Amino acid sequence: MPEPAKSAPAPKKGSKKAVTKAQKKDGKKRKRSRKESYSVYVYKVLKRVHPDTGISSKAMGIMNSFVNDIFERIAGEASRLAHYNKRSTITSREIQTAVRLLLPGELAKHAVSEGTKAVTKYTSAK
């Protein structure tokens, strides 16, 4: 009776990591590229507002995307305002005006007051 065919030996558990941490020709390990995000800051705000609430990684991804989107909109609008007024520098005034233009009613008022408070705190700490 013929013996059952032997399957190929199973790959070792750590084999995939060895591929990602490949060494360069000069023997140094390749540095992983750092992915910047606002997750640390979103988490800090969440814990300040709702200390007993957590957040999933999917929700954190959505929050990160939201912050990036709002940042780009405000920066774009502030840039346009500076260009219209023939200025080469975006100041807190352009940011404030951009926020007033982009955010609706009460949300804009709160954002402006929080921004003013942050700028005051920053300048007094200098």
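Including glycine, each Cβ sits where the backbone N, Cα and C put it.
Annotated compositional bias 'Low complexity' per Swiss-Prot: 1-12, in sequence order.
Residues annotated as SUMO2 cross-link in Swiss-Prot: Lys6 (among others).
The SUMO2 cross-link annotation in Swiss-Prot covers Lys21 (among others).
Residues near Lys35 (ubiquitin cross-link) in space but far in sequence (CB under 8 A, at least 6 apart, same chain): none are found. In the three-state DSSP assignment, the secondary structure recorded for Lys35 (ubiquitin cross-link) is coil. Look at Swiss-Prot and you will find Lys35 (among others) tagged as ubiquitin cross-link.
Lys121 (ubiquitin cross-link) has a Cβ environment of 9 other Cβ atoms inside 10 Å. Per Swiss-Prot, ubiquitin cross-link is recorded for Lys121 (among others), and the stated evidence type is similarity to another entry.
When secondary structure is read from DSSP and collapsed to three states, Ser113 (O-linked glycosylation site) falls in the helix class. According to Swiss-Prot, the feature O-linked glycosylation site maps to Ser113, an assignment based on similarity to another entry.
Taken from Swiss-Prot, the feature N6-acetyllysine covers Lys6 (among others).
Look at Swiss-Prot and you will find Lys12 (among others) tagged as N6-lactoyllysine.
Per Swiss-Prot, the feature N6-acetyllysine maps to Lys16 (among others).
For Lys17 (among others), the entry in Swiss-Prot reads N6-acetyllysine, with the evidence type similarity to another entry.
According to Swiss-Prot, the N6-(2-hydroxyisobutyryl)lysine annotation covers Lys24 (among others).
Secondary structure at Lys44 (N6-(2-hydroxyisobutyryl)lysine), taken from DSSP and collapsed to helix, strand or coil, is helix. The N6-(2-hydroxyisobutyryl)lysine annotation in Swiss-Prot covers Lys44 (among others) and rests on similarity to another entry.
Residues or ranges marked as N6-glutaryllysine in Swiss-Prot: Lys44 (among others). Long-range Cβ proximity for Lys44 (N6-(2-hydroxyisobutyryl)lysine), meaning a same-chain Cβ under 8 A and a gap of 6 or more residues, is found for none.
Summarising the annotation, Swiss-Prot assigns N6-(2-hydroxyisobutyryl)lysine to Lys58 (among others). In the three-state DSSP classification, Lys58 (N6-(2-hydroxyisobutyryl)lysine) falls within a helix. In sequence order, the list of same-chain residues 6 or more apart from Lys58 (N6-(2-hydroxyisobutyryl)lysine) whose Cβ falls under 8 Å from its Cβ is empty.
Annotated dimethylated arginine per Swiss-Prot: Arg80, in sequence order, evidence recorded as similarity to another entry. Within 10 Å of the Cβ of Arg80 (dimethylated arginine) there are 13 other Cβ atoms, across all protein chains.
Annotation source Swiss-Prot lists N6,N6,N6-trimethyllysine at Lys86, citing similarity to another entry. Around the Cβ of Lys86 (N6,N6,N6-trimethyllysine), the number of neighbouring Cβ atoms within 10 Å comes to 6.
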Modified residues compared (Lys109, Lys117) - highest count of Cβ atoms within 10 Å: Lys109
Between Lys109 (N6-lactoyllysine) and Arg80 (dimethylated arginine): CA-CA distance (Å): 21
Lys121 (ubiquitin cross-link) versus recorded positions Lys86, Lys109, Ser113 - nearest by Cα: Ser113
